[in-house]
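Notes for the one structure printed next.
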């Protein structure tokens, strides 16, 4: 039934047309970023650039202060990397004992994390801000790492607990029979097995942290430690309809994540599709 | 966000069964059940840092926010407990009512559109096409981008001198040309378009994952028995993708209620408050205007709305999936 027929070929062509229309915004993005100032104001916005104008990109890297894109990139890398590390370490330990324990407290803890996932962050933002300010955690990448780790731990624990439940205990039992302590079992047996779950946690949580705009806008306000989206926001805010320059910074901000996505696209889609089935 | 709800849904269902979670792994001979394992796995205190962090950052902060919703605190100095005053003021303020309406419009509008389009794409890309993997990668791409960056691209498209109006002009539809984002009627729909464009890929991959587990043999058999395309979709495909519908709509709804970045980048809430949502109003009241109490009351409303819809959705979809099996 599912042979490749003329009808399938037609369907394929139609879908490519749909996909090209769907991706049309990327054409505008790239073609406009390559236009000169004169051209962007005078010509048709749909027309391709007459010459490749790379000056807009050079301009992006000269911005200083809050719109310093290189500093933003560095901060985003530090904050995202640190948060992933915290989420993997704390999330896997907690997810493991919660999945393995048959005691009542583990079920209570599980629901504690479950409900926290649906709880929107807005209501807690102000008290959190005041708390963080009191503890001196605002305005620094380290404070952001602590904050994100706490904010996204429920998601991380959830993914790990689900993974460990599906893992089965045969390996661990065998190790215990051979005299391994619980700590040895976790670090020598479980840790090497949990790579798929760790990948999903890193991708989902990493993407949330990397693209987040609201939290750094508030918690890093006024400091020199802005992240990439916030630096882009301030850079764009200083321009008026200079779409060539706006799009240059938009492209620069997109390059790291698109490169990473193309490198690990299967894992990205699996993560969003609910995870750890494969 | 995202995949978590999916896992949660399944784990919840599993947790309700009388068996212990790790018993009954498929494909393994049944082991004799013990009431409590003789060996210990890990130490309970390994979960302690996570429990403390989540209790503080999620629960304590939210509870404190809920408390300030009933005060007139400005963020500094003293405050008075004022009961339901903030809420009465919200419900009497046309801007906040508009924000509430916009929040619901974006949440429900985006859920319906992303799921219809996402399901359509998933069905088209499920099997058969030679280039289906490339197409999936391309159509999913907007999901990984920052909503802020995506919004800037669309802001250009909807500019008065932008590509959309050029296109309408080329078709001779000059009467339809307008400053989309400056138009109080149209601007909220522009935001909806941007949200849908970015999130359709999520729905698509959720449906694709579900469709991959559906046996093509059943559909094949039905086709041999003379069932048409629509009949096969209604009686075979639709019942088997109910889990995906449940997950995808719940996720979409929760994310739809929180839309913030797109509005800040596209309109900033304007023109004249026409695109404000509860999330943008919370930000403005608390962080721009210093009305912490009032902002907290708005945030509490948003929280209650999200929790109510999350619970209703769980109930509705769980019952339906039982009925479908």
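Heads up, the Cβ atoms here are built off N, Cα and C, so glycines get one too.
Range with TrEMBL annotation region 'Disordered', chosen from B:1-33, B:34-66, is B:1-33. Note: the stretches the transmembrane segment (B:186-209) and the transmembrane segment (B:104-125) are in contact (3+ CB pairs below 8 A, sequence gap of 6 or more). By the Cβ criterion (distance under 8 Å, sequence gap of 6 or more), the transmembrane segment (B:240-260) is not counted as touching the transmembrane segment (B:38-61), fewer than 3 such pairs being found.
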